[in-house]
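Right, one structure below, let's go through it.
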Amino acid sequence: MPKYRSATTTHGRNMAGARALWRATGMTDADFGKPIIAVVNSFTQFVPGHVHLRDLGKLVAEQIEAAGGVAKEFNTIAVDDGIAMGHGGMLYSLPSRELIADSVEYMVNAHCADAMVCISNCDKITPGMLMASLRLNIPVIFVSGGPMEAGKTKLSDKIIKLDLVDAMIQGADPKVSDEQSNQVERSACPTCGSCSGMFTANSMNCLTEALGLSQPGNGSLLATHADRKELFLNAGKRIVELTKRYYEQDDASALPRNIASKAAFENAMTLDIAMGGSTNTVLHLLAAAQEAEIDFTMSDIDKLSRKVPQLCKVAPSTQKYHMEDVHRAGGVLGILGELDRAGLLNRDVKNVLGLTLPQTLEQYDVMVTQDDAVKKMFRAGPAGIRTTQAFSQDCRWDTLDDDRAEGCIRSLEHAYSKDGGLAVLYGNFAENGCIVKTAGVDDSILKFTGPAKVYESQDEAVDAILGGKVVEGDVVVIRYEGPKGGPGMQEMLYPTTFLKSMGLGKACALITDGRFSGGTSGLSIGHVSPEAASGGNIAIIEDGDMIAIDIPNRGIQLQLSDAEIAARREAQEARGDKAWTPKDRERQVSFALRAYASLATSADKGAVRDKSKLGG
């Protein structure tokens, strides 16, 4: 029978000092036999996805206390990728994931907490907390802040839906008037919550649901809706049950590694492919799997991508649907239900509610459930009122979207495409793979060949695009922006956005060892591995080299002979200590980022730290 970890600091005469300090936090004698549960919050006023979380930790804590636990809250950092985008701040985004994971480990292990409730929401916060949870392997429940309502405005006498990416595109489009650009900017992000499309934050919150670590509805229920409060209340109650099951009944099924098994990871990736999620999710799932000591690799993702169809299409791949529409169609479990009927899921998995996948679908899949309360929950909709308050409205759609032929979520028979929304490509400068969000690629450019225009920084590429130096048919190559080379693996949302602004969104390709925002669409290929700074062949590409992209056949090729590639690699090595570094780039890199770069692996490993360098 496992002992409560917290007993280390609450029992025994030699722990008198620790107990004295616990008493100073408000604990009493009656608390010293109870489980201590960490409420891991991520409130910040910097990030709209987290601005409403201040009081939600207290909400969870009250339920923990009422259920017989002791709640202790702490906060992590949270970087807003949208605000950090397009300048040096983006160098810090991905490294913040490791800091978040480490800070959770530090706090939980230093104070011997028994379990956790993780209150996350945005891009690197959910992955960081997920990595920590699987590293620590103590009972955990995730409950996120929820998606933002889609923006809406009237243009040309028509009400249209908007999101952050629309504001960026129109802001850079010289054909758009200042008045219209300002109107879109003011309308794009109307409420608190994670940005309203299937960007990285919402993708990851959907995946925690598929992994079984969060409750039904977590990925899609709006931040502003009153129904979301129940997820927080239930999380506080349920975590105490899970904790007691493990420590008092020796039931290891309550542990995250037994819930988020390899089968669950495969289900999560299957969901991601089917819903056309952010390419960043690949990076984060690979990293989380390593923390869980699960053998889940790019090869597994490649196999899944070849058999899973696209059953859901959401912004940025279309402006017709946002997360509020996904929720109306049944949310994550609506998509999982269709995948299950198609025979594409592992059914022998459980979630934090203790339900198997078939049991969960029977209760929560809107296409089969008989539970009116569940149907009501999935009719929760937007209010269209600007606010930063959680649970501030109770609007509902009159009906569910259960049209699986032409609705937001489709059945296998009516799939958006037989190929899923993500694909892994391999070739002679991506030997370990690269990722493309096929959901956002126009059918006309699934096969594309063109001359390379090579840039050694995102800034240089942006200047070239806006300066008219990139033309129709070009393949823009941005290198030395990987985890090690950046360092920090910047998101390339600005280059892809500006290609659209210049009318080149369907006329050019962009390839990088960096990564893309969940808001990216178009022929944007990232995570090229090995990266340039690790000796990858992306470093030897020159202007004018022809590059062939073949998404249907999962190929990407630099059209050079093996002999020429070998000669260029030899020339690169001849640069000595300057080999595999950018030639002309000037970039100030802080000590903190240099420390990150010294251990960073390429994207095919999830950009995690190389344990072998630490003797681990």
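Heads up, the Cβ atoms here are built off N, Cα and C, so glycines get one too.
Per Swiss-Prot, Mg(2+) is bound by D81, D123, K124; the candidate from E491, E531, E542 named for the same site is E491. Listed in sequence order, the recorded positions near C122 ([2Fe-2S] cluster binding site) (C-alpha within 10 Å of its C-alpha) are D81, out of D81, E491, S517. Recorded residues D123 (Mg(2+) binding site) and S517 (active site, proton acceptor) have their alpha carbons 9 Å apart, per Cα-Cα distance. D81 (Mg(2+) binding site) sits 8 Å from S517 (active site, proton acceptor), taking the CA atoms of both as reference points. The Cβ neighbour count for K124 (Mg(2+) binding site), using a 10 Å radius and every protein chain shown, is 29. For the recorded Mg(2+) site, residues D81, D123, K124, E491 set the reference point as the centre of their Cβ atoms, and the other residues of that chain within 8 Å of it by Cβ are V79, A84, M90, S93, L94, C122, T200, N280, S517. A Cα-Cα distance of 14 Å separates C195 ([2Fe-2S] cluster binding site) from K124 (Mg(2+) binding site).
Counting other Cβ atoms within 10 Å of each Cβ, the lowest count among the binding-site residues D81, D123, E491 belongs to D81. Remark: S517 (active site, proton acceptor) has D81, G82, M85, F199, T200, S278, N280, E491, M492, L493 as non-local neighbours, by Cβ distance under 8 Å and separation of at least 6 in sequence. Neighbour counts of Cβ atoms within 10 Å were compared for the binding-site residues C122, C195, and the top value is held by C195.
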